[in-house]
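Student: If you scroll down you'll find the structure; I have some questions about it.
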Amino acid sequence: MAKNTYRQTSSPEPARTNEPRPVRNQPRQNAEPAREPRRNDAKAAPKPAPKAPRQPLKLPSVKLGNVFGFLRDRRFQLFLGFFFLLTSIYLTIAFVSFLFTGHADQSVVESLNATPVKEAGQESGNWLGLLGAMLAELLIHKGFGVAAFAVIPIVFFLGYKIVFRRAELSLSYVLALCLFTMGWLSLLLGYVVLTLEAPDADPALAHSLDFLSGGVGYEAALWLDSLIGWGTVLLLAFLLISFVVYFFNVTTLNLGRSKADDDEPAFGTAAQAQTAAASINGFNAVVTADDEEEEEEDPAPQMTLRRVGPVATPAPAPVQAVPAPELDEPEEEELDDAPAIASGPINSPSPALSAAAAVPLTVASSSVAATLASASAAIAAAGASAAAAPAASGPSFSFETPTDPEPVAALPTRVPTPLSMADLADDDAPLPVSAPRETAGPALQIDSQPGELDPAAGADMAAIADDDQDMETMPAVNYDPTLDLSRYQYPTLELLNDYGVAKAQVSKEELEANKDRIVETLGHYGINIASIKATIGPTVTLYEIVPDAGVRISKIKSLEDDIALSLAALGIRIIAPSPGKGTIGIEVPNTKKEMVSIRSVFATDKFASTEMDLPIAFGRTITNEVFVVDLAKMPHLLMAGATGQGKSVGLNVILASLLYKRHPAQLKFVLVDPKKVELSIFNKIERHFLAKLPDTDEAIITDTKKVVNTLNSLCMEMDRRYDLLKDAGCRNLKEYNRKFIERRLNPKKGHRYMPFIVLVIDELADLMMTAGKEVETPIARLAQLARAIGIHLIVATQRPSVNVITGIIKANFPCRISFKVTSKIDSRTILDAGGADQLVGQGDMLISQGSDIIRVQCAFIDTPEVDRLCDYIGEQQGYPDAYLLPEVVGESGSGSGDAEDFDPSSRDSMFEEAARVIVTHQQGSTSLLQRRLKLGYNRAGRLIDQLEHFGIVGPFEGSKAREVLIPDEYSLEQLLNNLPK
Ligand SMILES: Nc1ncnc2c1ncn2[C@@H]1O[C@H](COP(=O)(O)OP(=O)(O)OP(=O)(O)O)[C@@H](O)[C@H]1O
């Protein structure tokens, strides 16, 4: 019976005598049928005494933290760690020795209660003495057989983790793997041994291998065999598959898939994408159930980094992934109480989590992109078929429906955004909607560029960086101006109306008829045409003709009206010659115009992936190309157009373009709206995108007097910015901000991140009428100088007459846009060329940049769309207030315009002299003081305010001079004598 002695563990052993010890390898034939005695033995085994009912454990009232405080003692930890490490070595030797000496040692160990330890130790053959023999007997022979070796990695890992405070695998990972291996392998081997014990099997072989399974494995296999027979094999297979699936997170099977399939980008499962997206420097961050357990165990801010093999995606350069630092093991009590994010940086969710959230929506957006792409493919097909139409008789004629050449941009993906300190600080501000919203590409760009890590994630990584790592040595990237509103979500395309795919509105008949009339009309004047080609745009069709040799261009140009007459169409424009084409262009309005929706323009790759600083997507050109310009390069814009021709829509398009592409930290608007209703809709984004003077209630300026102050304030901001640029040794704002972001400028010296400022004046005519020079001078000054320091002007007017668009303003606005105007003169005033009077209206516009004039159909954005856009931004967390411009009082002395604020003790030294000039001339004008007293604008303005305060001149009256309240010099002298000195 010695063969299965480990199964008799509960049998009382005979007292040890001098007789030879029962030998383990006693012949098997002496045995009774193998299974019976074990069952009997089991029944015969004395039952353990019934346990006393459990008493509720009375905890001492001392804090557990005090009791287990020694656990935090590093010396104790090292002691424990080395103990585990050495134990693992000890177990390895003892177990290996067991393979050779186990059988012989079995009787020694089993007779221990009857033999003195010393004697038993001498008899033991194990290389590590009696203890080695006992451990091996317990864990291998009576326990799990050879599978007991799996205990060793657990003990070793514990020691390693405690001593070195780092481990690339989590404890739960090692425990799960080793314990499963031990149990499963033991059961498997138990079943093998059981099978070898069958009457027809080789008994010697069975005996020599019986140590493999151990007592536990054998008994379990025996039990299962009795219960389900051969089903044990199936159960073993099922257990293995289940473990592999769960443990290795298997979600797809590659059975029968070709390599090509494998090469496809995997959007399949959240886990895959999560793993792919969170790849950092060769580690994949994986959040699994195991890791959650790990988090409970250790409240340190940590992301489990599991090496899962080489990662295909290139690691983002600037941020280094470092394994989470191990903190001292916390006490049990602390662990329970620790909130989930207690120690983590609040603005930094695990990249793995971000990725997981992004996945389903990535799929959604890619399918939308696919839909749009197929739509543009359909247009392309339509264009191709139109182009294939046979040419008519006469000069060669071809026409094409220009297709959208822009690949449609992938829609923004959604990412949850981190919470910043500012978020927490501003309790009143509405918290952003917790549901993930979309972020424009570079918004992963946020405005992160594709491929960059979320800056917040970058901050996170730095936050968990090893204590020893010197932040100074890291790449200088973690100042990020957008982090104050790090949860800010860029607007999505869903906010805009979807008008579907635009269709070509010009029929082949219309094209043919127009072509015939052009050829015929020109023929009447003896102009023959070599070839003619038509390009269909959204509003007009461009017929490009190549006249016969020797025809004078000016002759064709002079026939503009005749061609218009013959075509019975308004808005014909002749471009002779078409720049860079060698043809003469004749633009003929389409009978049915195509509306260019703003959504279709924003969805194009050209706009979505633009790298411009201040991109504006105006609309589509005649060749259907999306027309995107950079306001930062323009650098200012003058817009004109008769009433109802699309100016306000154009302004909204400009504002929407910028709002779609810039973060509130990067851009501020100063909105001047004398009409009071045009821009009021943008009030909702005051705390995100608007700038205003301190102590003013409304950010959108409707009062002329405030406009003057605001313009002067912008001039001050400009001067200050120039000072800062000079101090930093930078030539423009971009360079300066780059330097600041790289932390090469000291905020203590007044350096700060400077957003672009875009000043929008909706109606210049009104301002010029009421404030004249007072607005003209600062506007001209800003236009001349503000380019380099990121202040850009957009000035619109419906009256492009010379007294509104004065020479000085015009000279400083090289880029001008004209919607339809009422006269040729207006067209010349704004564009220095005719043509704007011949536009067809409704957003049809000409853009002049220097010598080039381009016809563009402005995109259409409706008021409800702007409303939705502003709501979307306005509902998000904003800054506590609008961006504050410098106060004017300090430098110009004109204060916020309130003469009551004036401090009498700080009267200007030229006050009396100024009063005499004003009273003598009976004209309360700042420019009079400037001229007569040779003063600068600011000082003259300050003096006028002081004169107002002392009742010498009346209040500000717009462009008119102030009323002089003192009738003659005598009265003035009396007043001056009575003034406090
Ligand atoms: N790009 C466009 N595409 C299609 N229709 C347009 C476009 N722009 C303007 N329209 C049409 O013209 C109308 C007037 O446009 P808008 O209000 O912009 O004119 P405006 O020049 O600002 O007039 P006002 O100076 O009187 O305010 C709009 O309501 C719209 O119907």
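Positions of Cβ are set from backbone N, Cα and C atoms, glycine also.
For reference, TrEMBL lists these features for the protein:
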{"type": "REGION", "residues": "1-57", "note": "region 'Disordered'"}
{"type": "COMPBIAS", "residues": "1-12", "note": "compositional bias 'Polar residues'"}
{"type": "COMPBIAS", "residues": "33-44", "note": "compositional bias 'Basic and acidic residues'"}
{"type": "TRANSMEM", "residues": "78-100", "note": "transmembrane segment"}
{"type": "TRANSMEM", "residues": "139-160", "note": "transmembrane segment"}
{"type": "TRANSMEM", "residues": "172-194", "note": "transmembrane segment"}
{"type": "TRANSMEM", "residues": "227-248", "note": "transmembrane segment"}
{"type": "REGION", "residues": "312-352", "note": "region 'Disordered'"}
{"type": "COMPBIAS", "residues": "312-325", "note": "compositional bias 'Low complexity'"}
{"type": "COMPBIAS", "residues": "326-337", "note": "compositional bias 'Acidic residues'"}
{"type": "REGION", "residues": "391-449", "note": "region 'Disordered'"}
{"type": "DOMAIN", "residues": "623-828", "note": "domain 'FtsK'"}
{"type": "BINDING", "residues": "GLY641, ALA642, THR643, GLY644, GLN645, GLY646, LYS647, SER648", "note": "ATP binding site"}
Student: May I ask which of the binding-site residues GLY641, ALA642, GLN645, SER648 have a CB within less than 6 Å of any atom of ligand 1, listed in sequence order?
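Tutor: Only GLY641, GLN645, SER648 qualify.
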Student: Would you find the one among the binding-site residues THR643, GLN645 whose Cβ has the most company, meaning other Cβ atoms within 10 Å?
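Tutor: That would be GLN645, with the most Cβ atoms nearby.
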Student: Taking the binding-site residues one at a time (GLY641, GLY644, GLY646), which has its Cβ surrounded by the most other Cβ atoms within 10 Å?
Tutor: GLY641
Student: Determine the Cβ neighbour count for SER648 (ATP binding site): the number of other Cβ atoms within 10 Å of its Cβ.
Tutor: 21
Student: DSSP secondary structure for GLY641 (ATP binding site), reduced to helix/strand/coil, please.
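Tutor: Its secondary structure by DSSP: coil.
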Student: For LYS647 (ATP binding site), just count the other CB atoms lying within 10 A of its CB, please.
Tutor: 26
Student: Under a criterion of Cβ-Cβ distance under 8 Å and sequence separation of at least 6, what residues of the same chain contact ALA642 (ATP binding site)?
Tutor: GLN798, PHE819, LYS820, VAL821, THR822, ASP826
Student: Most CB pairs under 8 Å with the transmembrane segment (172-194): which of 78-100, 139-160, 227-248?
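Tutor: It is 139-160, which has the most Cβ pairs under 8 Å.
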Student: Restricting to the domain 'FtsK' (623-828), report the mean pLDDT as a whole number.
Tutor: 90
Student: Other than GLY641, ALA642, THR643, GLY644, GLN645, GLY646, LYS647, SER648 themselves, what residues in this chain have Cβ atoms within 8 Å of the centroid of the ATP site's Cβ atoms?
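Tutor: The surrounding set, listed in chain order, is GLN798, PHE819, LYS820, GLY841.
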Student: May I ask you to report the DSSP-based helix, strand or coil state of GLY646 (ATP binding site)?
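Tutor: SS state of GLY646 (ATP binding site) = coil.
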